[in-house]
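Have a look at the structure below before the remarks.
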Amino acid sequence: MDSNNNNNNENEAFSGASESSEFRKIVEENENEREFEQSNPSPPEYSNYENKDDGINLETINPNISLDNNNNNNQNNQNNQNNNNNNNNQNNNIINNLNKKNKKRSTFKNRIDFSFKDINHYVQITEKGKKKKISKQILTNINGHIESGTIFAIMGPSGAGKTTLLDILAHRLNINGSGTMYLNGNKSDFNIFKKLCGYVTQSDSLMPSLTVRETLNFYAQLKMPRDVPLKEKLQRVQDIIDEMGLNRCADTLVGTADNKIRGISGGERRRVTISIELLTGPSVILLDEPTSGLDASTSFYVMSALKKLAKSGRTIICTIHQPRSNIYDMFDNLLLLGDGNTIYYGKANKALEYFNANGYHCSEKTNPADFFLDLINTQVEDQADSDDDDYNDEEEEIGGGGGGSGGGAGGIEDIGISISPTMNGSAVDNIKNNELKQQQQQQQQQQQSTDGRARRRIKKLTKEEMVILKKEYPNSEQGLRVNETLDNISKENRTDFKYEKTRGPNFLTQFSLLLGREVTNAKRHPMAFKVNLIQAIFQGLLCGIVYYQLGLGQSSVQSRTGVVAFIIMGVSFPAVMSTIHVFPDVITIFLKDRASGVYDTLPFFLAKSFMDACIAVLLPMVTATIVYWMTNQRVDPFYSAAPFFRFVLMLVLASQTCLSLGVLISSSVPNVQVGTAVAPLIVILFFLFSGFFINLNDVPGWLVWFPYISFFRYMIEAAVINAFKDVHFTCTDSQKIGGVCPVQYGNNVIENMGYDIDHFWRNVWILVLYIIGFRVLTFLVLKLKSRNKFKQE
């Protein structure tokens with residue numbers, strides 16, 4: 001482990017340098033590509049690429065369904081073919097350089113154009129002060145067509161419906177409403193779509209104890225068809241590592257984002273997540289906030305990697321909240337959502353023109369993404385309006401109100417939204433700079449000369465203005481064009497395709513791979529096992545010291561029952577709580593993998609249960625061995641080895657039962673906080689009716705049923721039977737009552753506590769049923785959570 005830590009530290013040291021050097025390389029590549037595109041506007045030809053890994057064999061398809069395609073363009077392309085060929089000859093060197101940097105970019109065959117039409121989605125909500133739920137529409141008539149080889153960005157303020165739309169497009173959310181999706185003009189089928197697309201979640205849910213290469217090898221063997229040889233799968237992994245620039249960290253632990261387990265950087269984690277989806281060669285890749293939580297340079301590097309994937313012929317669809325301008329420039333098409341409606345759809349570089357035409361202007365130095373989100377974020381409209389007076393008063397005090405009577409325009413100009421020339425503002429950003437004022441006036445004059453209409457004063461769109469903008473889009477040029485394109489796709493431009501059904505790994509392969517991952521995880525974290533082992537030894541020694549070498553006197557009766565209760569609680573409570581804190585992270589990874597169809601629920605559940613069972617057997621055995629001999633559990637003449645093994649068996653069953661309960665609780669509750677609050681209450685409640693604190697004969701009538709469902713009752717009853725059956729106790733003359741010892745036989749102790757002396761093996765099988773029952777319920781909960789079928793209308 002020390003050597004592993006040293007390697008991790010070394011990788012940590014150069015990961016930043018690696019990220020920076022690769023970042024500079026990406027910038028240089030983008031400059032070369034921009035130079036090439038300016039000199040040669042026609043797209044490069046893509047040769048056929050037989051991707052055996054994804055098991056999909058598409059027929060020849062026409063990916064060039066474009067919003068701007070028409071017969072005139074086709075004729076112009078034919079007339080200019082010779083000129084383009086000359087340009088191609090002049091730029092051969094540039095093309096060769098680009099191909100060397102990305103061999104796969106012009107060899108992707110399975111290109112898919114993705115379209116969606118009239119997506120309407122409703123959710124059930126409860127209004128304040130009312131119990132009845134009402135239906136609220138959160139997506140309204142959303143349309144779009146995404147060409148292969150492009151990046152399609154979905155933007156909008158929080159609550160606009162971005163993630164909901166992406167989940168619907170990815171078939172991860174049932175449509176509660178209507179809508180149709182098309183793949184190359186064919187109505188989307190869930191099974192086909194699952195084979196053609198990859199989905200990258202916002203969070204990087206990865207096993208921290210595996211290296212990057214081990215992670216990709218694991219998913220390659222599970223995601224790729226079973227008939228693909230292992231050698232080809234491993235080669236595919238190496239190709240992806242090369243393509244995504246992960247060579248330097250390939251043998252470094254993934255680690256955790258909070259550095260509890262040190263590993264790769266955030267940008268590398270994001271690229272690993274994307275790489276997992278690339279293993280099967282998907283034609284469509286959907287990403288939820290791919291730059292979330294990353295710094296500026298890392299975000300640019302990740303988006304540059306996605307741009308390369310798009311240039312190779314893949315269709316990239318992503319939601320993104322507020323990208324920097326250099327990232328926004330990478331988008332080919334943009335869907336801007338506001339309150340679940342389409343505010344703009346079309347070319348990303350044409351969005352500003354659209355808003356300019358509607359009277360909303362963005363200054364040249366402002367990031368378009370900031371402008372769009374500031375403009376349509378009506379959720380903070382009321383707060384913004386209420387602060388206007390205070391804002392203007394403050395600016396007059398600081399800026400002196402110089403330059404005009406308007407007063408409040410400086411703050412608006414600072415966020416990049418130009419206002420009416422009649423509303424001259426004060427100093428920009430509270431700085432009295434004459435040069436900036438002159439530039440502002442020149443900009444306003446230029447805008448006035450190019451647009452005769454008076455500019456609206458905008459900080460945020462009012463609700464009325466938002467309604468107007470929503471109504472304007474469907475009748476706009478962009479809205480009419482996309483509707484016409486979708487009609488043509490759904491009626492005329494169908495491109496039939498076939499795919500070969502392939503089989504993934506069988507049950508045994510899935511189980512062995514998942515179990516191997518669990519074993520590796522345990523080996524990479526020996527400290528966790530060591531801590532649990534020390535805890536087990538400490539509990540045994542503590543109990544053994546306190547109850548050391550108990551005799552058979554009258555006072556030992558109480559002490560022997562105390563040993564039983566103490567040690568059962570000692571192994572049970574930690575088993576529950578440790579699972580509550582660990583299992584949620586495992587469930588997160590499972591749900592992500594299950595949604596992608598990586599493996600089935602049963603092999604995952606069995607592999608996890610088997611590994612937990614092994615640990616839950618060893619530790620109680622250690623505790624039981626120490627306690628049994630130190631406390632002198634059996635000293636009667638009928639002593640044999642059988643009571644010792646029965647004692648060990650009871651502690652193992654107690655640990656397994658509570659471990660299974662902890663797994664059930666942690667899989668059922670929404671988070672760790674709820675689990676840590678619920679688990680102790682359940683344990684205490686069931687332990688209260690175990691027969692140790694209250695005699696089972698004294699339980700109130702209306703609660704008489706509760707001891708029968710308390711698993712602690714069966715644990716303690718079996719342990720008491722094992723400790724007291726056929727044991728003879730002694731007493732001194734002073735302790736005798738009427739010449740007789742108060743307690744002579746252990747069998748009497750068992751009966752006085754309300755237990756049955758013949759129920760030991762019955763209780764053993766009841767506890768086995770509890771373990772199975774808790775595990776089956778856990779399996780059903782996981783199965784229910786992982787079910788996510790798409791309802792096609």
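Start at 1 and count along the chain as shown; that gives each residue its number.
The backbone N, Cα and C atoms fix where each Cβ goes, and this holds for glycine too.
Positions annotated as coiled coil by Swiss-Prot: 67-102. Per Swiss-Prot, compositional bias 'Low complexity' is recorded for 1-20, 69-96, 438-448. Here Swiss-Prot flags 21-37 as compositional bias 'Basic and acidic residues'. Per Swiss-Prot, the feature compositional bias 'Polar residues' maps to 59-68, 421-437. What Swiss-Prot lists as compositional bias 'Acidic residues' is 382-398. What Swiss-Prot records for 399-413 is compositional bias 'Gly residues'. Annotation comment: Swiss-Prot describes 123-364 as domain 'ABC transporter'. Annotation comment: Swiss-Prot describes 527-785 as domain 'ABC transmembrane type-2'. Per Swiss-Prot, the feature transmembrane segment maps to 533-553, 563-583, 610-630, 647-667, 674-694, 701-721, 764-784; the stated evidence is sequence analysis.
Contact between the transmembrane segment (647-667) and the transmembrane segment (563-583) is supported by 3 or more Cβ pairs under 8 Å, counting only residues 6 or more apart in sequence. Outside the transmembrane segment (701-721), and at least 6 residues removed from its termini, the chain residues within Cβ reach (under 8 Å) are 561, 564-565, 568, 572, 646-647, 650, 653-654, 657, 661, 686-687, 689-692, 749-750, 753, 755-757, 759-760, 763-764, 766-767, 770.
Taking every recorded stretch in 563-583, 610-630, 674-694, 764-784 and counting its Cβ pairs under 8 Å to the transmembrane segment (533-553), the highest total belongs to 610-630. For the transmembrane segment (610-630), the list of distant contacts is 515, 518-519, 522, 529, 532-533, 535-537, 539-541, 543-545, 547-549, 563, 567, 570-571, 575, 579, 644, 647-648, 651-652, 654-656, 659, 663: same-chain residues at least six beyond its ends, Cβ to Cβ under 8 Å.
Note on the transmembrane segment (764-784): residues 587, 590, 601-602, 604-605, 609, 649-650, 653-654, 656-657, 660-661, 663-664, 667-668, 711, 714-715, 718 of its chain, located 6 or more positions outside it, place their CB under 8 angstroms from a CB of the stretch. Remote same-chain partners of the transmembrane segment (674-694), defined as residues 6 or more beyond its termini with a Cβ less than 8 Å from a stretch Cβ, comprise 561, 564-565, 569, 572-573, 576-577, 580-581, 584, 658, 661-662, 665-666, 703, 706-707, 709-713, 715-717, 753-755.
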